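If you scroll down you'll find the structure; I have some questions about it.
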Amino acid sequence: MPDFATLRSRPEFWLAGVIVILCAALSLSTPSFLSLSNFVDLTESYAVQAIMATGLFVVLIAGGIDISFAATASVAQYVAALLATHYGLSPFLVIPAGLVVGTGLGFLNAALIHYARVNSIIITIATMNVYFALLMYATGGHSIYNLPEWWSERVTFLQFETSGGDLIRITLPIVVMVVSLLLCWVLLTLSRTGRQLYAMGGNAEAARRIGLNISKLQFFAYGFAGFMAALAGLVQANRVGEAVPNALYGTELSVLSAAVLGGASLLGGVGTIGGITLGILLLAIIQNGLNLLDISPYCFEIITGAIILASTTLTALSVQSRKRSRLVEEAPIPEQAHV
Amino acid sequence: MSENLPVTGNKTGHSASMTDLAAPFRRLFPARVSGQALAALALAIGFSLIVPGFFSLGSMRSMMFQLPQLGLLALAMAIPMMSGGLNLAIIAIANACGLAMVTVLGHLPLAGHGTGYVGFCIVIVLMVGAVLGTALGGVTGWLIVRTKVHPILVTLGIMSIVEGTSIWLTRGEVVSGLPALYGQIGNASLAQIPLAFLAFLAVAGVVHLLLQHTAFGISIRMIGSNALATRYSAVDVDRVTIRIYALSGFLCFCAACLMLARFNSASAAYAKSYLLVTVLAAVLGGVDPNGGFGRVTGLVLAMIMLQLIATGFNLLGFSDYLTLAIWGLVLIGVACAQSMVKKRR
């Protein structure tokens, strides 16, 4: 059990505190907030973004950045939808095909970043434009509405009625989100590859010199991001019952803010899956709370921006003040993993 | 670094030879920029041969009308990039300036007054916009300096706040109500050359002088190369950083002026898709995304290349999306070629 001082220095701790305070305030001001059905609803509405965030998170840990994931998700979703409707393939072919397309586009990013040695933000902005523009060109912007039933039908894993009479449905998006988060946690904390990704993100040159296969790790990170993006795309089509080529376009920066809110560093090597989960939860609760409080939805963006600035600033300032106190004390404190 | 800094002190070594006559020219157009100029020329000639109607006054004029807007936004993006940062708030700041100017102009009693009075009011409103853009940029820079958070995050937060405020105040609607005089000036031409294009060239020229011939400009690229070394060279890095983002904000205001003239209105959502394209344009123009390198001549030539591609393929009947894809592919190609050249050295 970590003591309070170490706990206090973790961004997850502060984030959890903010969420608890926010929840308390919201449940006092609106009676409908603190109910299981509301919580399930807000989780479902942010499930797709959460799945994409896990992929982006792995890339951030590896010391890169991926802006192209929303475009990747749209391409994979549309290709799968086309295979399902136009060619009438079975789900056992369509779903793997979509995931393979996403992973392939991720590999393409990795190849450009690793072999051409170009800054990852530049390459992924370029590929985002290429993927998305080619998709819009090829489809003419038309949506696919006639998805087969196995895809568009709402899949409910668990259904029950609360004592208040609300019907609670644990649907596919929530289950996929939870599985993705768990998978990502296992990958990053328990697997050898995960620890190597942290090492590479912390210091790529040091990782190379201790014999890690950097190219393999790069391909893994961006391939994983592509895979998760494709999964999010497929789930999104299930949620809305259609494949819209530009539905996910424009979510790049909000997913990035969720990841950063959760304490992932843009410099790599820092961040936990719990932090990401809390970051997404915070954004979801704010939006949900604003809706319930009947505050203009136009305010949402302002509040998101203010929270991003406030949380990154506070984290940075607390890190700085700790550095300063260390200098004064001249006592070597072991470096925190997330500094 | 040395290629990019103006040679100020050691001219004596060259001045003996006659070839030195070309030195100022070479300084303005180093090898990389000459390559870009050749590529732009090749594109222009190629399209003129393939596309009927490409080499005409009409298409040249339409290119000159379209280029300045993205050009100014790319400049606003490029200057923070030269210092190793990034400004994701440029579109939000430009739209905020545009909205502020339209709103103020709409509330002034202009009807029934003479041109002189209306012109005076427009100048006042332009000053309001300039102050707003510069101030928003300055606040961004101040936050970056004070918090030492990565500029991507700070500008992301500022973008959300500024854009959110614009949306909140306008309810996401388009605001119009500009006096006719504004549109007349904004869409006027001088000897067949659009005034907007001349304004872009003038702004780019001033920024070029600022970057190449002032201590401020050299400090920008020094910070991009090595901020700590710059600080040890007695440069006030914090103050320069604030000025970088203030300048970027001012350039957003310049872009807002042109957008107002072009759309005859302002909105919180205009040009949103340009945000990441400006990063591509800056990199294509030779700005190093890690900071330290970049010049305005390269950027202007890159803008001309992108515009030639856009207009050429548009005349060929290609869709806008295909043009965007081709822009992305061009950038990937250029970036790969650059890194290969670097590796061979």
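Heads up, the Cβ atoms here are built off N, Cα and C, so glycines get one too.
Reproduced below are the annotations present in TrEMBL:
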- A:12-34: transmembrane segment (TRANSMEM)
- A:46-62: transmembrane segment (TRANSMEM)
- A:93-116: transmembrane segment (TRANSMEM)
- A:167-190: transmembrane segment (TRANSMEM)
- A:217-235: transmembrane segment (TRANSMEM)
- A:255-286: transmembrane segment (TRANSMEM)
- A:298-319: transmembrane segment (TRANSMEM)
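Situate these features within the shown structure.
Tertiary neighbourhood of the transmembrane segment (A:46-62): same-chain residues 69-70, 73, 120, 173-174, 176-177, 180-181, 183-184, 187-188, 197-198, 200-201, 217-218, 221-222, 224-229, 231-232, 235-236, 239, 248, 251, 254-256, 258-259, 262, 264-266, 268-271, 273, 276-277, 279-281, 283-284, selected by CB-CB distance under 8 Å and a gap of 6+ residues from either end.
Residues 36-37, 40, 43-44, 47-48, 50-51, 54, 57-58, 61, 154-161, 197-198, 224, 228, 231, 235, 238-239, 273-274, 276-277 of the same chain lie 6 or more positions beyond the ends of the transmembrane segment (A:167-190) yet place their CB under 8 Å from a CB of it.
Sequence-distant contacts of the transmembrane segment (A:255-286), counting only residues of its own chain at least 6 positions beyond either end whose CB sits under 8 Å from a CB of the stretch, comprise 10-12, 15-16, 18-19, 22-23, 26, 42-43, 45-46, 49-50, 52-54, 56-57, 60-65, 67, 69-70, 181, 184-185, 188-189, 198-203, 300, 303-304, 307-308, 311-312, 315, 337-339.
Same-chain residues lying 6 or more positions outside the transmembrane segment (A:298-319) and placing a CB less than 8 Å from one of its CB atoms are 9, 11, 14-15, 18, 254, 257, 260-261, 263, 282-283, 286-287, 290, 339.
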Using a Cβ-Cβ cut-off of under 8 Å, list the residues of the same chain that are 6+ residues beyond the ends of the transmembrane segment (A:93-116) and lie near it.
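Here the qualifying positions are 64, 66, 68, 72-73, 75-77, 79-80, 83-84, 123-124, 127, 131, 151, 214-215, 218-219, 221-231, 233-234.
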Under an 8 Å Cβ to Cβ limit, what residues of the same chain, 6 or more beyond the ends of the transmembrane segment (A:217-235), are close to it?
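For the transmembrane segment (A:217-235), the far contacts come to 47-49, 51-52, 54-56, 58-59, 61-62, 64, 66, 69-70, 72-77, 80, 95, 98-99, 101-107, 109-111, 113-114, 172-173, 176, 180, 187, 193, 196-197, 200, 207, 248.
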